Amino acid sequence: MGNIHSYCLEENILCAICLEVFRNPVTIGCGHTFCIECLQVYWDYQADYALTPCCPQCRELHTSRPRLCKNTVLADLVESLMQYKEGTTGLAIPDLAGPGDIPCDVCTSDKQKSAKFCLQCMAYFCEPHLRPHYENPVFKRHKLLEAVKDFQVSLCRKHNRMQELFCRKDGLCICYACALEDHRDHEVVPLEEERIQKEAEVRRLQASVQNQLMLISDEQDIRHSMASIKRLVHNVKNEVRCSFEELMQDLVQLQEKVMDFLEHEEWAAVARLGDCCQQREFKIIELQQRHMQLNSCIGESSDLRFLQDFQALKRQVLSAQPLVSLRCDESASFIGFSETLTVMKSQIARTSNFYSKELLKEGLVLRAHEMLPPGLAREMLLQWYVNLCFDGRSASGELLLCQENNCVVNMGILLESSSSPPLEGFNYWPQVLCIQGLCQGRFYWEVEVTDSWLCLGLTYRYPPTVTCHNISYLIGRNSHSWCLEWDSLQFSVWHNNIQTYLKGEYYRIIGVYVDTEAGYLTFYGVGDTVNIIFHFLTRFKQPLYPAFMVSAEASVTLSQLPT
């Protein structure tokens, strides 16, 4: 209660001029009290303009400047109150402006730290001097902003007014005068509204950069290319070695030439891949820097600076050149090698020189391709969208197909047993295939899934024989299928019965992208942004069929894109 009384008392011993507790209070004839320094400054100001002295509060006129005497009773009361506050709750120490703070423009002696900037007054105010803006109706329409340094950069150079608008046509921050003059017919919105839109775009760019970092940091494509080169060269070496062993001794020199050529091709290809690795490292550093810059941009408190930085960052992110990786094109490498060797063995005695040139003509071919698969924006993925439907013949007995075979639900009871499952052992699990087989090209589709145990992925329709264990018939648990699994707690991926646990939350919509020629299989979580869940890089040897495992009471719906 004492604290409340002291607070109320303090509210009544404030100087009406400086709005602070009285310092050397004096009372004039009308009964109003002020700090002696404040009153003298006020009357000096009136004297400069030949005005009659008056009370700053009630405006009562005085024929001459009254003689000022200290109100000792009030001064003692103020001192007692300050001592009381020091002894109980502690005296509130003024928040004085430090070296890095913005001082109040109204404080006369000890400058306090500014809390707000008034656009109409064009001045900084501390908390005590902000009270008139909160209490006096005259100041109610004044717009207060957070106090920041260098407010001049927020002013229009042409009109010296605050830039509070954004012209979407010209991409500029403007003031109201500019909007009426140079941008009359343009789409103009407040800075706050434009920031909301640009923040969403920044988040999309962040997701894009994060996806690129995830993919470019994964070295499985380099390992895959290395393995392809080594495997291809190894196979060709064996063929050459076996063929030359059948030749006469005089062909040894030719054999050495061919072997040297193959070695050189391998070395040159690996060297090019080494250069690609170095470029990858540079790209990683660049993307990390972009990511840090975007984080800094989204954390910027000033709308103006945010939008100014955004334009430059957006151009940098969107203008970045894609990183090109190299993959071994086996079909185009060593063209005609085997056929040439077969014919050479029968005619080598008189045509060795001719076939020497033929063998050394074609070697390893590394095809350039964009290392980052599409999908950094959902609009890009949709150009390869394929509408799928379930194959009722492949569904196990507990699965119910509905919505024109676009939705599958596990009813938890045996409905009907499939008479001729397309894959041996496939119906040991509640699984279903899609009718469409994906042969060559790029494909993308989306599915809506429930928060239950389920798997979705791809499989060959005519897989090699698997073991007799039932688990081998579940997608992902064998060498001819790949899948993403959600177990109600976390994601994981399966291939060849090897599980890899992933971090990430549940997505109601899952996107699947496959590039059969490049060997890409990518799973996406589709929300406000498209986020990569996992990325497979492999070699597909047969047509692929989308496959699903749906546990009890779970459901999967194939999203259909309007044609």
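Cβ atoms are placed via backbone N, Cα and C, with glycine included.
Now, the feature entries from TrEMBL:
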COILED    237-264  coiled coil
DOMAIN    15-59  domain 'RING-type'
DOMAIN    151-191  domain 'B box-type'
DOMAIN    368-563  domain 'B30.2/SPRY'
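The residues of the domain 'B box-type' (151-191), classed with DSSP into helix (H, G, I), strand (E, B) and coil, number 11 helix, 11 strand, 19 coil.
Summarised by DSSP class, the composition of the domain 'RING-type' (15-59) is 13 helix, 8 strand, 24 coil. Across the domain 'B box-type' (151-191), the prediction's mean pLDDT works out to 86.
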